[in-house]
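Working notes, structure below.
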Amino acid sequence: MSTIVALATAPMNCAIHIIRVSGPKAFEIINKISTIKIKKETFKIWYTILKDDNQILDEVLINTFVAPKTFTGEDLVEINCHGGIVVANLIIKTLIKYGCQPAQRGEFSRRALLNKKMDLSKIEAINNLVNAKNELSVKGVIGALLGRVSQSIAEFRHELFMIIGQIEVNIDYPEYDDVEQVDAIILKQRLLSLDKKITKIIDQSKKFLPINKGIRVLIIGKPNVGKSTLLNALCNEQKAIVTDIPGTTRDVIESSINIDNITLNILDTAGIHLTNDFVENLGINKAKALIDKVDLILYLIPANEQQDLELYDLIKKQKHLLVYTKKDLVDQYDDKQIYINAKNNDIQSLIDEIKKLFYVQEFDNANIDVLQSQRQIGILENVHYLINNAILNLEKGDTLDLIVADLEFCNLRLNELLGISSEYDFLDDLFKNFCIGK
């Protein structure tokens, strides 16, 4: 295995940079440029000056970590140098000169996975923590980072192992009287109980995913209903030109904001109506094409007008809110509807409805143990499907080997979630609890 090096901090001028070196020759290589002997001792901080021949590179602090008790599971050295990017690059260039290889993207985390320092769920959580868009996203990542999500998946696997093991024993040793026979009713109950737990984490994860990645919001309506005014109010700055002339917005304007601990990725669009203007029609077609590609649609209607049923037909199957703008135009309000005056920044009622629609309060007041990506959710949904297929086959009276085939594939998918080997000897685990051939 090669010894790798990379800048662990952002590639820009700052107060301090951290350069990470990992691999079997980490200490050997660092000692080629250190003016003092960096001993192979763990959890130590060393002050030294780095030199290449007679050229002084920098005055640094070096943190040392000895395998296997490191992030990567390998010998690990972290150099804390001054924050000039030129200085950091010079040190990295020198380390490469003396034997380091430039690290590939994510290679330190990959080595941590290969050396079983953490599972794939935790690895993905680290990346999500770095890219967290708001405090609620951080809260959702922490559950995975601390291993609570991995523990849940491990419990699913263990229960699955026990079920598969019992079935395998019945298939392979039918002649033994002391082997507990598979009871179809009990087996179905165990599978239903397992599926209930899996469904719960799928449902929670689906709810949380838009919050984690940012809620994609499409603002639509007829021309001059206040779409761009709402965008500017949400962003608290003029992102879009606002005039009294219908059709001012002709293209999609996108902006990302954090507001009340949620991230909104907002798309302001051209007003949807019949027009002979070629350019405006392009913008209208873009708006229509986005309808099924967002998490939420805000359909804006002036408070003194009725909704356009033809336009509503385009969005009614998607998650949406009807928002009545220019509330100052009416004297009475329907308590069941949302009224705003974006020109005066009177939009809190809309923000509150968005938070309610995406369960923000629910997540804000509880520990969040959720999957971190659509990929992970998709895998667990496949497990849910396979378990239900096994239950269906059980109810039809199919043979045990057909039922166990679905469950064994469930095991492969759960292993995929954790990034571990899919090889597992079920009988070895089961022999601890079964008395075979005594």
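Just so you know, glycine gets a Cβ as well, placed from its N, Cα and C.
Positions annotated as (6S)-5-formyl-5,6,7,8-tetrahydrofolate binding site by Swiss-Prot: ARG20, GLU78, LYS117, LYS438. Classification of GLU78 ((6S)-5-formyl-5,6,7,8-tetrahydrofolate binding site) by DSSP places it within a strand.
The number of other Cβ atoms within 10 Å of the Cβ belonging to ASN224 (K(+) binding site), over all protein chains shown, comes to 19. ASN224 (K(+) binding site) carries neither a helix nor a strand DSSP state and counts as coil. Here Swiss-Prot flags ASN224, THR243, ILE245, THR248 as K(+) binding site, drawing on sequence analysis.
Annotation comment: Swiss-Prot describes SER228, THR249 as Mg(2+) binding site, evidence class sequence analysis.
Taken from Swiss-Prot, the feature domain 'TrmE-type G' covers 214-359.
A straight line from the CA of LYS117 ((6S)-5-formyl-5,6,7,8-tetrahydrofolate binding site) to the CA of ASN224 (K(+) binding site) spans 57 Å.
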